[in-house]
Amino acid sequence: TVIDVKCTSPKQCVPACKAAMGTVRAKCMNGKCKCYI
């Protein structure tokens, strides 16, 4: 699931995904965070 959080590295997405979806599985794709459940 892509969330509206800008990123340059996956590490930036981990807290965002944890907050948004309760998952720490995150990637940075095309400058946006992507969370995996």
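The backbone N, Cα and C atoms fix where each Cβ goes, and this holds for glycine too.
Since this is a predicted model, take the numbers as computed values, not measurements.
Among Cys28, Cys35, the one Swiss-Prot lists as the disulfide partner of Cys17 is Cys35.
Most Cβ neighbours within 10 Å, among the disulfide-bonded residues Cys7, Cys13, Cys28, Cys35: Cys13 holds that distinction in the structure as shown. Reduced to three states, the DSSP call for Cys7 (disulfide bond) is coil.
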